[in-house]
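The domain 'UvrD-like helicase ATP-binding' annotation in TrEMBL covers 206-658. Per TrEMBL, ATP binding site is recorded for Gly227, Gly228, Pro229, Gly230, Thr231, Gly232, Lys233, Thr234. If you look up TrEMBL, you'll see 325-388, 621-640 marked as region 'Disordered'. For 328-349, the entry in TrEMBL reads compositional bias 'Gly residues'. Per TrEMBL, compositional bias 'Low complexity' is recorded for 350-360.
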Amino acid sequence: MGVEQHHLDQVYRRLEEKIHEAEFLMNDAAKRGQVGTPGALAERDAQVFRAGIHLNRLNNEFEDFLFGRVDLLRGKDGQKGPDGAFTSVEPADDAIRDDRTAEIAETLHIGRIGVLDSDYAPLVIDWRAPAAAPFYRSTPVDPGRVVRRRVIRSKGRKVLGVEDDLMRPELTATLDGDPLAVIGDGALMAALGQARSHTMRDIVSSIQAEQDLVIRAPAASVTEVAGGPGTGKTAVALHRAAYLLYQDRRRYAGGILIVSPTPLLVAYTEGVLPSLGEEGQVAIRAVGSLVDGAEATAYDEPAVARVKGSARMIRVLRHAARGALEGASGGSGGTGGSGGRSAGQGGRQRQGQLRDGAQLAFGEDPDGPDGPDGLGGPDDDEPARTVRTDRLRVVAFGRRLELAEPELHRIRQTVLSGTAPVNLLRPRARRLLLDALWTKSGSAGRHTDPELAAELRSSFDEDITSEDDFTGFLDAWWPELTPRAVLAAMGDERRLGRWSRRVLNQGESRRLARSLARLGPDGKGALSVHDVALLDELEMLLGAPPRPRKRRELDPLDQLTGLEELMPTREETQRERAERLAAERTEYAHVIVDEAQDLTPMQWRMVGRRGRQATWTVVGDAAQSSWSDPDEAAEARDEALGTRPRRRFTLTVNYRNPAEIAELAAKVLHLAMPGMESPRAVRSTGVRPRFAAVGDGDLAATVREEARRLLERVDGTVGVVVAMHRREQAARWLAGLGDRVVALGSLEAKGLEYDATVVVSPADIADESPAGLRVLYVALTRATQQLTVVSAARDEPDADGVPDLLRE
Ligand SMILES: Nc1ncnc2c1ncn2[C@@H]1O[C@H](COP(=O)(O)OP(=O)(O)OP(=O)(O)O)[C@@H](O)[C@H]1O
C-alpha cells in the first residue's frame with residue numbers, strides 16, 4: 001500500500017504543477033491581449049492540462065482518481081504507443097523462463113484521466129487509452145502480458161486499500177528483484193457487495209472483459225447490446241460515451257445523446273460521466289423530454305399508451321395536421337391563430353367559435369414565440385376578435401369582391417393536395433386566394449400588353465394584402481398551427497373520429513380523444529410521455545418556422561480561446577449543460593439508447609430524427625419490454641437505424657442480483673419469454689426471498705412493515721414496487737420511513753436498483769398490461785441484496801405465502 005501511496009503523491013504533485021501552468025497560460029494570454037489557437041498545445045499535453053483543470057472536482061467528489069495498476073511481462077516488440085506504454089499485447093517468447101519464473105518489465109497505473117510526468121512518461125494512463133485495455137481484458141484464461149492486476153481504493157490523496165488478482169498464478173514473478181505481492185480477495189466482489197445509494201456509481205475500476213469489448217467497440221455504424229437484468233448494459237453505455245469522446249473528441253463535438261426511459265433513471269445515472277472526467281458534449285434525456293420544452297412524466301393507462309405508441313398514429317396525425325385547418329373553415333366563425341408571420345404580418349391571435357361549438361385557439365404557445373419549443377406563437381397582446389372564415393370580403397380598386405365558402409373550400413383542397421408541411425403551404429394558399437379575387441375582379445383582360453397587365457396585377461395584390469380584412473382572414477383561415485394545438489384539437493371526439501377513420505377502431509379513437517382532451521382547449525395541459533413523440537411527429541408534419549441559428553458548441557480542447565471557461569471557478573452542472581446543449585442541437589453525432597426494448601414505434605421515429613447522420617449504440621433486453629407489440633417496434637427501430645451495418649454483443653453475467661433472487665425472477669422469465677436464458681448471477685448471499693401474504697385490507701400495513709424490516713437489514717436503499725395504479729397510495733403507506741425508502745410504479749422501476757425491494761402483488765403488476773409479465777420480471781430484478789414479495793388475495797398465495805405466478 002505504501003508503494004501506491006508514494007505513486008499517488010507523485011501524481012498529485014504533477015497535477016498541481018499543471019494547474020499552475022494552466023493559470024500561467026491564461027494570465028499570459030490575457031496579458032498579451034490574445035488567446036491560444038487550435039492546436040496550440042500538443043494533444044497529450046492538453047490531456048494533462050485538462051487533468052489539472054478537473055483535479056479539484058475529481059478530488060472532491062469522487063473517491064478514486066487513480067484506481068488501477070497492471071504489472072506486465074516484457075512484450076513481443078519494444079514499441080511504445082502515444083501514451084508512453086509498450087504496445088505489445090502478448091509476452092515475448094523468452095519473457096517466461098523455463099522454471100516458470102519471470103521479471104516484471106513494466107508497471108502501469110490506470111486512472112480517470114491520463115497524467116504524464118515532465119518527461120512525458122505516463123504517471124497515470126487514461127482508462128480509455130489502448131494501453132489500459134489489458135487492465136480490463138486480461139483474464140486467467142487469456143492473460144496476455146498481465147501478471148498481476150491491482151485495484152486501488154483511494155480517497156482524495158489517501159490510498160485506502162488494494163485488491164489484487166493474479167492472471168498468471170502459476171508464475172513466480174519478481175519486481176525489481178522482490179517477489180510480487182498479492183493482497184486482498186477480488187475487487188469485483190467488493191464493489192458488488194457495497195450498499196446502493198440513489199445515484200449510480202461508475203464501474204471504471206472493475207469493468208469486465210465482455211463489457212470492455214462493448215465499451216471499446218469501433219464507433220462505426222450501430223452497436224447493439226443485449227443482456228438480461230443487471231448485466232451492466234446501462235453502465236456500459238455510459239462508459240462507452242466517455243470512451244468515444246476520448247477516442248475522437250473532435251467528431252463527437254457534434255454531441256452524444258443518451259436516451260433514457262424515465263427521468264428517474266436520468267437522475268440516477270447523471271453523475272457517472274462527470275466521475276469519468278466527462279461533462280460536456282453528452283446530453284442524457286428522458287424519452288419524455290426529447291422535444292424541447294416538454295418535460296412529460298405522466299403515464300397513460302396501458303390501452304391508451306398502446307394507441308399513442310403505435311405506428312398507426314402516423315396516419316392519424318397526417319389527417320389531423322391537415323384537417324386541423326378545417327376547424328377554421330366554414331361556419332360563422334374561424335379558429336384564429338398567430339399566423340401571419342409567413343405573410344409578413346405581425347401575428348395576431350384570434351379566436352373563433354367553431355360551428356360545432358368547440359372553442360379552440362391555434363397557434364398559442366405557452367412559452368411565447370421564442371419559447372423553448374420554438375414552435376411559434378402570438379407575438380402581441382391584442383384582444384381576440386372573431387373573424388369569419390366562411391367567406392372572404394375585400395375591397396380592391398374601389399370594388400367589393402367576395403369569395404364564398406365553396407370557392408374557399410376548393411382553394412384549400414387544392415393547396416392541401418401538395419405534400420409540403422401545412423404551415424409552409426400558407427404562402428401558396430395566399431397566392432391562390434389572390435388569384436381567385438383577381439379573376440373575380442374581371443381586371444385580367446383589361447390590358448393586352450403583358451408588362452402593363454403585370455403591373456396592374458401587382459398593384460391589385462398590394463391593394464388587397466395591405467387590407468386588414470384580408471390579412472385577418474388569412475390568419476384565421478390558414479393559421480400557423482402548432483403541434484400542441486393540433487394535439488389538443490384531437491381531444492375532440494367527433495373530429496378525431498373523422499381523422500382516425502379506418503385507422504383506429506371506435507373504442508381506440510374515443511379513448512385517445514378523452515386522453516388528449518386533458519390537454520385543454522389551449523393545449524397547455526400536462527403532456528404524457530407518449531404525447532411527446534406525437535408532438536415531434538406533428539412538428540415535422542406542420543413544419544416549424546425556421547429557428548434562429550445558434551453558435552455551434554466549441555470543444556475547449558480544439559479552441560483554447562475559451563480558456564477561462566475551463567477554470568473551475570463556476571462549474572456548470574451536468575443538467576445545465578445538457579439543457580444548453582439540447583437547446584442548441586436537434587441532431588447528434590452519436591445516439592445511445594438505453595432500455596431500447598421499451599421504445600414504441602412513434603418514439604423510435606422521434607429518436608431516429610435526432611440521429612439521422614449518427615452512429616448508434618443501442619442497449620436493451622427484449623425480456624424486459626413493456627411495449628406490447630415487439631414486431632411493430634422492431635420495424636420502427638430498423639427504420640431509425642437505417643441500413644447501417646450492425647455489430648451485436650450479448651452480456652451474460654448478472655452483477656446485480658444474488659443467485660437467490662435471480663432464480664426466482666427466472667420463473668417469471670420462463671412464463672413471459674419461454675426459452676429465453678437468464679444471465680448468470682455472480683454471487684450469492686445465502687438470503688432467500690421472503691414471502692408475505694395478506695388480505696387486501698391489510699396491504700398497506702404489511703407493505704409498510706416489510707419495508708421497515710428491510711431498512712433495518714440493509715445500509716442503503718429500499719424500493720417498494722407496485723402496479724402503476726397504486727403509486728400514490730404506496731407513497732402514503734411509506735410516509736415517515738425516511739428517504740432511504742421510495743415507492744415506485746412498476747414502469748418507473750426500469751433500470752433502477754436498490755439494496756432491497758418489496759414487490760407488491762405480482763398478479764396486480766402482471767395483469768396491468770399485455771406486457772405485464774415482462775414488467776413483473778423487471779420489478780423482481782431490482783434488488784442487490786434482499787427481496788420481499790407481498791401477495792394479496794388475487795395472487796392466490798399458497799400456505800407459505802408464495803404467489804401462484806412464482807411457484808414452480
Ligand atoms: N464490471 C462491473 N463492476 C462492478 N459493478 C458492475 C459491473 N457491471 C455492472 N455492475 C453493477 O451491476 C449493476 C447493474 O448494472 P446496470 O444497471 O448497468 O445493468 P443493466 O444491464 O442496465 O440492468 P437492467 O437491464 O436491469 O436495467 C449496477 O449496480 C452496476 O454498477
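Any Cβ shown, glycine's included, is placed from N, Cα and C.
Per-residue pLDDT, averaged along the domain 'UvrD-like helicase ATP-binding' (206-658), amounts to 79 for this model. In the shown protein chains, 22 other C-beta atoms lie within 10 A of the C-beta of Gly227 (ATP binding site). Burial estimate for the binding-site residues (Gly228, Pro229, Gly232): highest at Gly228, by number of other CB atoms within 10 Å. According to DSSP, Gly230 (ATP binding site) is assigned to coil rather than to any helix or strand. The Cβ of Thr231 (ATP binding site) has Leu651, Thr652, Val653, Asn654, Tyr655, Pro679 as same-chain neighbours under 8 Å, each 6 or more residues away in sequence.
There are 24 other Cβ atoms within 10 Å of the Cβ belonging to Thr234 (ATP binding site).
Long-range Cβ neighbours of Gly230 (ATP binding site) (same chain, at least 6 residues apart, Cβ-Cβ under 8 Å): Asn654, Tyr655, Arg656, Asn657, Ala662, Pro679, Ala681, Glu753, Thr781.
Residue counts for the region 'Disordered' (621-640) under DSSP, split into helix (H, G, I), strand (E, B) and coil, are 14 helix, 0 strand, 6 coil. Cβ proximity to the ATP site centre (mean Cβ of Gly227, Gly228, Pro229, Gly230, Thr231, Gly232, Lys233, Thr234, cutoff 8 Å) flags the following additional same-chain residues: Asp621, Leu651, Asn654, Tyr655, Arg656, Pro679. The C-beta environment of Lys233 (ATP binding site), restricted to residues of the same chain at least 6 apart in sequence and closer than 8 Å, consists of Val225, Gly227, Asp594, Val619, Gly620, Asp621, Leu651.
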